[in-house]
Amino acid sequence: MADYKEAYLATRPKTLDPAEYFNLSPDYRRTEEERAALRSRLKRHYLVQLNNPHRKELIEDPALTRWTYARTSNIYPNFRPTPKTSLLGGLFGVVPLFVLYFVFKTDRDKREDKIKAGNYERPYKLSS
Amino acid sequence: MLKVLIPTIMLFPTIWLSSPKWLWTATTAHSLLIALVSLAWLKWTSETGWAASNMYLATDPLSTPLLVLTCWLLPLMILASQNHINPEPISRQRLYITLLASLQTFLIMAFGATEMIMFYIMFEATLIPTLIIITRWGNQTERLNAGTYFLFYTLAGSLPLLVALLLLQQSTGTLSMLILQYSQPLTLQSWGHKIWWAGCLIAFLVKMPLYGVHLWLPKAHVEAPVAGSMVLAAVLLKLGGYGMMRMMVMLDPLSKELAYPFIILALWGIIMTGSICLRQTDLKSLIAYSSVSHMGLVAGGILVQTPWGFTGAIILMIAHGLVSSALFCLANTAYERTHSRTMILARGLQMIFPLTAVWWFVANLANLALPPLPNLMGELMIITTMFNWSPWTITLTGTGTLITAGYSLYLFLMSQRGPAPSHIMGLSPFHTREHLLMVMHLVPVLLLITKPELMWGWCH
């Protein structure tokens, strides 16, 4: 593997990067070992629960809990009126109401005027 | 009317005097008998506009379908709650069913009321058992917030209604619906009259709910236990629609101009809440927002004040009541097994529960208004009458129908298809009780295809 050459236009994968294995500082090694220990503890906890034959309930996934909490109950404390959010809110929440009012009002007023003038032809035979 | 009301009041002794072994069987059987007796109201024999009347209560073609729906729902609610209430002590179980029965009593009196004040009092009275059910038996801590939102939104909307009703009493001398329908049209011109008009309708628009004031609904529906969700979705929202239909008689001719903002809010709400449904992660929240979407269509249909609009509104209210309640029951079955409402968690259920997948399928098809189900008939009538009101509404209602189909299919595919998560164990098989519950929800919807005259209101 010492003579590994990447393919043309490809990048070297991280596992074959010599910087991953040589000249590592003790600090880096220690943090990586701690992270590996954490990961394996979590995985072991998950596998113990997964393979427990007496388990009847769901394995609780704290990441899923955090995700659903963030998506459902924690929205407003993290909302901040920025130009983008104000624009979006106005564009989808405020402007359509006025646009629709304008559209419906002019359309129905035109029809009302035609009815009052007596020359409204019903385009469709709708009972009501 | 008393044939049904007195047995409903007699549910209270049944609940408190049954032995613990027979409590659920006795109450389910009793409420089922009441439901079957209430079906007798569907036979319209009266020559006048009102039937089965005494001095304070009567039925008419508008309230009869809603009354039958209310009576039909009580045994279903009791069936659905059986599992999650079981661990609790007996007196608390009795209290829970008492709350459901008292809710039933108030609802029957509300739909059968002939005086607007009685309707108003019963309208408010239904808030109390629902609030207790949500805040005491809900499952998450957010239920307190949900109860607060629910209570205060509805109360804030209905206090102007009380003032408006008292003003109406003063100007017309009566608040009986039998008499008000024949009263002279009121001259309504000043700003005070316009505020009175708004005061009459705001309570019902908040209850329906209309898009701008709908915030209480997702919270209340999600945090309530299954019976609370069922009764909220199926009947309490329809109280708003029913109240609006009763009040609209009095509110001409101002309604021609003043209804515009509310029709626009209702129509835009269909699209907005439908789009929110597509982004939901919580199962019950999706069904709650779909309720807002359908009720937006109903509100639009009522506010344009045409016969087809009213008819479409009643049909859609009944059909949506049954189907939405069915969806909440299905969501509850998933919740009882996985104790989570997250949609991506309860996936791939078709392989595990094939028959339940049929119920999910039918309920979702009904939700997306598949012909020939009555959901479609109601929606079609409302869409047609709104098209007649102004042809431009078809852009909004059409897009709304498209989005409804989108999220209903999303709900079905997300919960039923795909690989089931490999770490979910202990999904107990479906009980007969749960299948029975779904059948009793969906069979009336299918039967109503054959005789929609029962729901048509005054187009008899």
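FYI, residue positions are counted from 1 along the chain as it appears here.
Just so it is clear, glycine is given a Cβ too, placed from its N, Cα and C backbone atoms.
According to TrEMBL, the features are:
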- B:1-110: domain 'NADH:ubiquinone oxidoreductase chain 4 N-terminal' (DOMAIN)
- B:113-404: domain 'NADH:quinone oxidoreductase/Mrp antiporter transmembrane' (DOMAIN)
- B:21-42: transmembrane segment (TRANSMEM)
- B:62-81: transmembrane segment (TRANSMEM)
- B:93-111: transmembrane segment (TRANSMEM)
- B:117-137: transmembrane segment (TRANSMEM)
- B:149-168: transmembrane segment (TRANSMEM)
- B:195-217: transmembrane segment (TRANSMEM)
- B:224-243: transmembrane segment (TRANSMEM)
- B:258-279: transmembrane segment (TRANSMEM)
- B:286-304: transmembrane segment (TRANSMEM)
- B:310-331: transmembrane segment (TRANSMEM)
- B:390-413: transmembrane segment (TRANSMEM)
- B:434-450: transmembrane segment (TRANSMEM)
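Outside the transmembrane segment (B:310-331), and at least 6 residues removed from its termini, the chain residues within Cβ reach (under 8 Å) are 62, 65-66, 69, 73, 76, 80, 221, 226, 229-230, 233-235, 237-238, 241-242, 245, 283-284, 287, 290-291, 294-295, 297-298, 301-302, 341, 356, 359-360, 363-364, 366-367, 373-375, 377-382, 384-385, 411, 434, 437-438, 441-442, 444-445, 448, 452, 455-459. With pairs at least 6 apart in sequence, the transmembrane segment (B:258-279) and the transmembrane segment (B:195-217) have 3 or more Cβ pairs within the 8 Å limit; the two touch. Against the transmembrane segment (B:434-450), stretch B:62-81 shows more Cβ pairs under 8 Å than any other of B:62-81, B:93-111, B:390-413. Within the model, the domain 'NADH:ubiquinone oxidoreductase chain 4 N-terminal' (B:1-110) carries an average pLDDT of 91. Here the transmembrane segment (B:21-42) has long-range neighbours at 3-4, 7-8, 10-11, 14-15, 51-52, 59, 64-65, 67-68, 71-72, 74-75, 78-79, 82, 90, 93-94, 97, 101, 104, 454, meaning same-chain residues at least 6 beyond its ends whose C-beta is under 8 angstroms from one of its own.
Look at the domain 'NADH:ubiquinone oxidoreductase chain 4 N-terminal' (B:1-110): DSSP puts its residues at 79 helix, 3 strand, 28 coil.
It is B:117-137 that, among the stretches B:62-81, B:93-111, B:117-137, B:224-243, B:390-413, forms the most Cβ pairs under 8 Å with the transmembrane segment (B:149-168).
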